[in-house]
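Feature annotations, courtesy of TrEMBL:
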type: REGION; residues: A:1-32; note: region 'Disordered'
type: COMPBIAS; residues: A:19-29; note: compositional bias 'Pro residues'
type: DOMAIN; residues: A:228-284; note: domain 'CBS'
type: TRANSMEM; residues: A:309-329; note: transmembrane segment
type: TRANSMEM; residues: A:341-362; note: transmembrane segment
type: TRANSMEM; residues: A:383-406; note: transmembrane segment
type: TRANSMEM; residues: A:412-436; note: transmembrane segment
type: TRANSMEM; residues: A:448-471; note: transmembrane segment
Number of protein chains: 2
Amino acid sequence: MPRRSNSGKTGAMTDVSTPPNPAPEPPNVDPDLLDDLVDAVDERDTRWLARTLQRMHPADAADLLEALPFDAFSEAVELLGGELPSDILIELRDSYREEAVDVLPDTAVASALDELDSDDATVILEDLEDERRERILEDLEPFDRAQLERGLAYEEESAGRLMQTEFVAVPEYWTVGHAIDHARELGEELPEVFYEIYVIDPAYRLQGIVQLATLMRTPRDVQLSDIMTDPLSDIRTDMDQEEVAFQFQKYSLASAPVKDAAGRLVGMITVDDMVDVIQEEAEEDLFSLLNVSSADGADSVVDTVRARAPWLAVNLVTAFIASGIISLFEGTLNQVVQLAILMPVVAALGGNAGSQGLVVAVRAIAERQLEGDAVRRAILREALSGIVNGLLFAVGVGLVALVWFHDVKLSVVLGTAMLATFLWAAFSGILVPLGLKKLGADPAVASSVFVLTLTDVMAFFSFLGLATLVLL
Amino acid sequence: MPRRSNSGKTGAMTDVSTPPNPAPEPPNVDPDLLDDLVDAVDERDTRWLARTLQRMHPADAADLLEALPFDAFSEAVELLGGELPSDILIELRDSYREEAVDVLPDTAVASALDELDSDDATVILEDLEDERRERILEDLEPFDRAQLERGLAYEEESAGRLMQTEFVAVPEYWTVGHAIDHARELGEELPEVFYEIYVIDPAYRLQGIVQLATLMRTPRDVQLSDIMTDPLSDIRTDMDQEEVAFQFQKYSLASAPVKDAAGRLVGMITVDDMVDVIQEEAEEDLFSLLNVSSADGADSVVDTVRARAPWLAVNLVTAFIASGIISLFEGTLNQVVQLAILMPVVAALGGNAGSQGLVVAVRAIAERQLEGDAVRRAILREALSGIVNGLLFAVGVGLVALVWFHDVKLSVVLGTAMLATFLWAAFSGILVPLGLKKLGADPAVASSVFVLTLTDVMAFFSFLGLATLVLL
């Protein structure tokens, strides 16, 4: 029950701080263009398809293709085959990209792997079933193949998976002039985008970083070692993406070098990859608190059921625990039916009070704001606001009940139970996540089952228990 | 009740996909250094303070200061006064930055405004009360003052507020060589960091963009107009930050030019500012669904109570609506007390089923994934998985109830109510947010009050209603 009401109000509350939905949104795709596309697919006009898509920005082309009915999308990809630009393929959302990779012939996939930066190529490889992956990898240049296999060897969601192996590294005795001439020689061989060049020693150990902006404003004859800065980040291939994202955010990085276990420079991560990670990580915690896995949102019913049923199952158990508490007071309920009518109110408000504190605590922990003195302050704050809100709503519900049932004793029981539940909720809302973190568990994942079970038990037990003592 | 259990399970579910909390986290601050800092503040050793902080990266220095007890923090800032580097000031979290600005003398604030990029300076200005702001602005150079006042004139959360007015713009007839020489002349006058230069016509209208990487790999004598690319983004000063963030994410931008209403180039937004916006926007929706305003998490009890009480108040109302529904069946409850014990189960599971769909729908809408054909697919998916889970748990709760109360009729009633509630929840979970979006309302804000009230009403009404028909 809890979530129902408040969430709604939350909205009302945040309206001020929240920007209104960006309405009118610029339509993602031009409807006329979409119609032409549909026709082209029907008429199997591959040339028009290829031409049109190549003329657009890959991200826009991807949006256009995703606007097609799913089957028409597959048909379009099948028609295009090798002519589907790899940079469009990589811009497609997961479900579409996977479908596209399924439909494309091996040769097309292989050439895409060849054209893409290593981090994007790895994404495609992940979509393939093992033996097809093997087959395709075998057709690649031994070097590229080795590189891609190394990429796949890194753990998912590790820096090694996120990084691209294309970057610019130069020796420290070079001057600005050297570096620029070198870049001009390489020309198109250089990575498409990069924001800094890395200064290395003969053993490929990172000595420093030179921002392109710095390189630009420095005279040709200056040595790179004189203008290079120490790297702010310290990212190794096995580092978890959440930690990488944290460093990008903290130091406002546009890109960062990645070192292997031996401290050698092996890759570069760019901010555009981190932006998505930062969003995912921000959502993951809150999704957990909202009973949704970040895996959810898939198109297939099976996936959806599989993703949600398990939590509903746990809810089944915990809901019956609550029922168990209620059943302890069956006798009381038999004599005072009003209790059955009022008990959801205590549980609802208590649950909300607890989860409000919990959400704030979980995010604060994730953003590393709950450390040192902040912890003491947070606990104090939650306790005090728990008391204040508790008193406020103890009186509130008490009055409503009084008006409704004209029963002073009942109202006092309700109010007292309310206050007790609020205090309990306030403490568990902050202490449970902090405790779980101390134990090394993920607070986002484990907290709310504790907090909300605790508050429900407290709500029913205090309300019905007090009622048994006072009203019978 | 709903949120309790599932969230917990969610965790379990996502454990696979979710990276474990980055444990062991690198401690944000070195404890010994913190002790030294505390001593230095006690001994009022300003020189040590200034030296130490200046030697650190601003972000690290900010973390260190924030690790102090709040009063010690204020004391430290007071001691430092003008010697607190402005780039540390801007790295402090809101509550700390505001405190610092309060404590600092006007002269210190003024010089900070002078040193900072315009977008950061605006942040500081926002912290000041009006007449102090006036006083400080008057001490600034007329030009800087005018610039800052223009910045403040833009709406909050608009591109104008986010942009910095420091950027590099050159005429299109220039060559690569020109641009580089020009940059070398300006040297330190150039913005600290920039990733691209803007090519403009005499009327300051943007003609194209040249990535620094492109500039580097191109021979000196090539004209900029030959290597410049069309801007991918189209950002005007009045554009909402959510739309700006969307463009940064879509086109993987590191920075983007900002135009005024007349189409003149007036500023530049860098990705490090957008990263925070993207995180906020991702959190805002989910916070709304979790009854927490993004404003929450403040240190003061008053703020916290003010932030949360209103939603609890609405919850009070809606909880009593639910009670109202229950009270319609007072007679039935009086005769079959088991109903009071079981009704929370229906509400809990139904509420969860509804909110699961709702969360997915709200995020999909925010990320513009629910457009065109995707809408039909999503509705179908929710409906079908609602039926499947509904049947699953109708049987589930039915069996549990049968084992518990050995009453077939009661179990059938419970199961049927369960199924009805699941279907109802599935549809409202997807149709309510879509409908609200059509009406131009923010689905994140308004949906859950509807969805969860609807499911609760349905749960209690169907369960107790059926019971009245069948059991009496």
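Using the three backbone atoms N, Cα and C, a Cβ is placed for every residue, glycine included.
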In the domain 'CBS' (A:228-284), how many residues does DSSP assign to helix, to strand and to coil?
24 helix, 16 strand, 17 coil
Top stretch among A:309-329, A:383-406, A:412-436, A:448-471 for CB pairs under 8 A with the transmembrane segment (A:341-362)?
A:412-436
Mind looking up the mean pLDDT for the domain 'CBS' (A:228-284) in the predicted model?
91
The transmembrane segment (A:448-471) vs the transmembrane segment (A:309-329): 3 or more CB pairs under 8 Å:
yes
Tertiary contacts of the transmembrane segment (A:309-329), as residues 6+ beyond its ends and Cβ separation under 8 Å:
291, 339, 343, 347, 449, 452-453, 456-457, 460-461, 464-465, 467-468
